[in-house]
Amino acid sequence: MNLHEYQAKQIFAQYRLPVSKGIVCHSLDDAVSAIHTLAGDTWAAKCQVHAGGRGKAGGVKLVRSEAEIREFCHQWLGQRLVTFQTDKNGQLVNTIYLEETCLIERELYLGAVIDRSSQKIVFMASNAGGMNIEDVAAQTPELIHKATIDPLTGAQAFQGRELAFKLGLSGDQIKQFAHLFVQLAKLFIEKDLALLEVNPLVLTKQGQLLCLDAKMVIDSNALYRHPELKALQDPSQEDAREADAAKWDLNYVALDGNIGCMVNGAGLAMGTMDIVKLHGGRPANFLDVGGGATKERVSEAFKLILSDQNVKAVLVNIFGGIVRCDLIAEGIIAAVNEVGINIPVIVRLEGTNAELGREILANSGLRLIAANTLTQAAQLAVKAAEGK
């Protein structure tokens, strides 16, 4: 689950991490009032959406007067911001975060992710702050310095000092960085994060380190332990279909193709999408119905797929391991009858009672096309989507 920048910074402040003073604005009146409360004569106005690249898209701007903040609010509040990380529709701007500015001496990068191979947390630091860290890793990997944290022992101050030396910090800056490093690691572990980024982490002209931006992604599997974080969820930033899928424990990701895919198992789902692409098709979604492909879940899965007007055919690829293929076939038939599908549905069943499942589908009298192999299923789906 993603958090907005202002939400992440509020949590940063709880962990004694240095952040600029800011005010959350939900309306034009809030923003006008905020500039009279904040210090200075220049403020940073930031659209709050769950996507990077806001600055390049015009969603972050320095404002110096009431007229400028009015113009910014009129431009963005209630509108959709399109960045390189969003789809063509962008994401809705409901909130603008207005904060005090500072004079910047240097921009750094500091982030943390989970390394699943070592089962540890990896911190990455770089002098290339303010840039996309993926680009830095690809073009100048020598600029990225790493520290590995064992969740059992937590971060140690000496690790922070080592990173500070590598970043060229000196004097009191090293002490500040070590504190920041240890507290970020503590936050990462205690809040069950999947990703944490401060980009940029700036060194001000006064020699103070400041978290100018903040990104937090919480492991959704751990939200049951953090009701206070669950309460921060912003449904307006999520795909409505993906939110509906989550209610039924369906893993759904919308794509831009025209062949709907319904599969049980994430690996098989990705393989199915690959083979559809291999044969010239374009998947409209990733959809994993999981091991318990019941009638109700299959029905909801069909509804999700058909809610996309671009879908011209549906490919169902089920491996009957945990559940029998004959039961899956009955579930598919019941779901098709309930939903009322008027586009081709290609079904490939394999595993326990697969032959019986295919026989049930063939005798259903419905517009279901049975396939014996995944290759055949993909080819049939591509032809059906093309109207052949």
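Each residue's number is its place along the chain shown, starting with 1.
Positions of Cβ are set from backbone N, Cα and C atoms, glycine also.
Swiss-Prot lists GLY321, ILE322, VAL323 as binding substrate, and of ASN264, ASN363, ASN372 the one it places in that same site is ASN264. Of all Cα pairs drawn from LYS46, GLY53, ARG54, GLY55, GLU99, CYS102, GLU107, which the record names as binding ATP, the longest spans 21 Å. Separating the Cα atoms of VAL323 (substrate binding site) and GLY53 (ATP binding site) is a whole-number distance of 44 Å. Secondary structure at CYS102 (ATP binding site), taken from DSSP and collapsed to helix, strand or coil, is coil. Listed in sequence order, TYR109, LEU110, GLY111, GLY129, GLY130, MET131, ILE133, ASP213, LYS215 are the same-chain residues at least 6 apart in sequence whose CB falls under 8 Å from the CB of ASN199 (Mg(2+) binding site).
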